[in-house]
Each structure stands twice: as structure tokens, then as C-alpha cells.
Amino acid sequence: MALIAEKPEVLDAIIPKKQYSKHGVYQVKVCVEGKWEVIIVDDFFPCYRNTNSIAIAVGRRNQLWVPLIEKAMAKVLGSYSKLHGASLARGLSMLTGASCVRYKCPQTLKIDEEVDTFWAQLVSSQESGFLTCCHCGPFESEEAEAEFKALGLVTSHAYSILDVVHEQGHRLLRIRNPWGQFVWNGKWSDGWLEWPIDMKRALLDKRSDETGAFWMDLQDFVKRFASVTVCKLRMDWSELRATQEVGRHADSALQIVITEQLCEVSVTAFQKGSFSKEDNLTDLMVCVHKISEDGRIGELIKMSYEIADNHFTIDEFFLPRGVYQVVCHSPHSLVTNTTGVVNIIVHTRFPIFGESVPMSPLTRLESLHRVIIEEGVVQNIKLDGVVIRTLNQKFRGSITMVDNYMEQKYLHVKVDNSKSMNVQSSRGSLLIADVVPPRSRQVIAVLSTIDDCAEYKTANSYWLRTNKSTSLLPDW
């Protein structure tokens, strides 16, 4: 909420009508699972019994917009208690409608490349003017929590990042506690006695009016903060929102038309119902395809996979002028024969045209074929005219696809996945026998994890033979 206060234009969009309501009824506009909704709330707020003071967030000078927005978000999520378990990315995306990404802090400072990449992400976010915040903790031991408290930090707490600078060889972050108190008292803090005079004049004295803010170097930051969340809010970008199903019976895709020579794009996918039914989340594979001149699925431009998350974002990439389709797959839904609904948001530097278009099962299968061809691994099979590809990178599971290029012979295929662990098969069995006709391509099986949080293993063994018959012989 403190970050939103720094963007008046965002706050104006969240609460369209600023007038006091004599009836105590207000409209709050929030982005729910990728779609804008107007939430109606009243001005009755939970209070402490003994003091009658408001028990939730309170704005400075008793500003009403803070508890109104918090009540609207609690109404969407189901209760005030669920606000405490919500991620920073979810909260920021609800308030801004923008895509959010989360960067984990490096586990060690000894890997220079990892630290440099993390710092570059911070600098890039700051230079772009994005809303940036960080999360301190949680830490399991009471000793660690006491240590953080002694240093002025609050565990399991969100802070905003106001600035990042590289001064005289020091990488420093300007961080603010939205409470306005409990600030860092270690190295580079306001009371630190070893400030170089010129750096103190440039970085500290000119910013002394920022309540709850402090400087911290990168080394201390990665030791005490777990992650950074960046809200990529661009007020001058265009957005396109659409809904599509995932699963065996999905029948639509989002088609977009790029008219500029080159357009910067980001894609975000939200699972519908994820706010209230997080145990029903499925995995998502979001693909962006070039559409050929004859209207068929073409080159795979971008693919991203996420395990059972309520939403995720494909970071910015560039698309040249042309027609594209955004297609969502769910390997788990293919295995369990279930259907889900996904809200797709496309943010673009320039205005684009887009609409939901029908997609036949064959076209959707062509999309999956493209993914396997371009991202899968060709197996070492010594049989002319036969190619087996396995996709087991970038997602938890395995997809096996067989190409039979022979002109007249049928291919008998037996795949043994019985040595796999924590997976289930779209064929209902880990031992599969099938026939691939001449000049045909076929997905033999999709394996998906049973428990997304547990370890898993996929192991494939193949037996192949050719025959002029379509039927499998009894010994198979």
C-alpha cells in the first residue's frame, strides 16, 4: 500500500470517486485473477474491543482510502486473515493490473555472476521506474528473529525499495519500512559513524525527510532479505485481456496482431478460481506461436512453464510485425482429464489488436507438437525412418512423441516408464504399447507429477518393431 501511495495515478484508478459517501458505500477497482472488477465496500471496519481503534491498516492522518482498499482485497480473498498469507506479487498485481516478477536473493555472495545478475535486475527495475519491494524472512529460529530485531529489522515483513546506487565501489539500496519506524541500525544506517563525508552529503543529508527509510549495502541485504518483487507498471503501455480453457477439451486461443515493425511484449497468466481454491491449482505451459500465412500454428517464439502457481509472467520479449497466438497447455490436466480456466493478459509497448479465436483439438495438438520438436530431446534410436523425442526439461514430467516417416510400415512402440517415481500417466499405465501408422506423428504419453512439492523421476525404456499390420501382436 505504501508503494501505491507513491503513484497518485494508480490510486486515482483504484478509487474512481473521491467524494465522501454519506451512505458509507464506496467503489474500489481491483484486478481479480487478471480481470478488472469493481468491488463495493462499506466503511465499517474491525476494531479492537478495548480501544475501539481500527484493527487493520490505517492511513496517515486517518486517510480513508487505506482501510477501504484493504477491505476490498479481503472481500475478494475471503477474509482479512488471508491478506497476511498473500504474496507481494499477488497484492501488487491486484492493485495495478500489471505483471509482477519475483527475484530470489542470491544464497551466497561467493558466486560473482549470480550476484551481478541480481544487482543488474535491481538497477534495471529502478531505472524503469517500476514499483519494487522486498521481503525480510521468515526465519525459523527464535535466535535469528532476535538478532534481526536487534538490528532494527522486522521478520516476515515487506519493505519498499526506493533507490539503488553504486557509489565509490559500494552497492547500496535505499529501503523503507512502511510502518515509518523500526529501521536498520547497522552498516550504512543513519547513525553509522563511518560514512565518508561526500557520500553522507549526497546520500544521507539530502534524504533525511524520508520517514522509515535507510541505506543498506548489497552484502547485508542478501543476508537478511529473502526475495525482491518487481511490479512492472507502465502507464503508457497497452493491455489486452482474454480468457481461455486448458485441458483436453480446451477450444480457444488468444490471437494477437502486431502492426509495428517491432513491439515489446510481456504475457501473464492467471488461474481462475485460484484465490479461493488454491489446492486445485494446476501446472501451466504458456506458448506464443507465430501464425503462418495459411493460418496454421508455426514457429514457437516463447514458452514458459510454472508449477501450480496462481499466476506467472513471461518477461519482456520482442515480436516483429505479424500474427501470433497465445496457447495455454496443462500437462497435469491432460493426465487427469480435467479442465481449467486461465485469464491471459498481454502488455505491449504499442497498441495491438487481439481476440479469442476458436482452436480445434488438432490445432492445439500441433502447438504441443511444436513445443516438443523445439524444446524436446531426440532419443538415440537405431531404426531408420523413426524419431522419438522426449520433453522432460522446463517442466515436472515427461512427454514422449514418436514420428514414423516410413512410407508403408506401421511402427509398434512399447514404452516402459515403470521405474519413474511420483508421476502418473495420461494412458492410465506406466507400461504402454501403441501403433503409429506410416507417415504419422503421435504423442505416446504425458507424464505429470502426482505431488508437485515432492521429488520425482522419469525413466523411459523403448522397444520398437515394424509391421504391415495395424494390430499389436499378443506378445506385446
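In case you wondered, yes, glycine gets a Cβ from its N, Cα and C as well.
Listed in TrEMBL for this protein:
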ACT_SITE  HIS157  active site
ACT_SITE  ASN177  active site
DOMAIN    1-234  domain 'Calpain catalytic'
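Sequence-distant contacts of HIS157 (active site), defined by Cβ-Cβ distance under 8 angstroms and a gap of at least six in the same chain, are HIS135, CYS136, GLY137, ASN177. Averaged over the domain 'Calpain catalytic' (1-234), the predicted model reaches a pLDDT of 87. A simple way to gauge crowding: the CB of ASN177 (active site) has 22 other CB atoms within 10 angstroms, across all the protein chains here.
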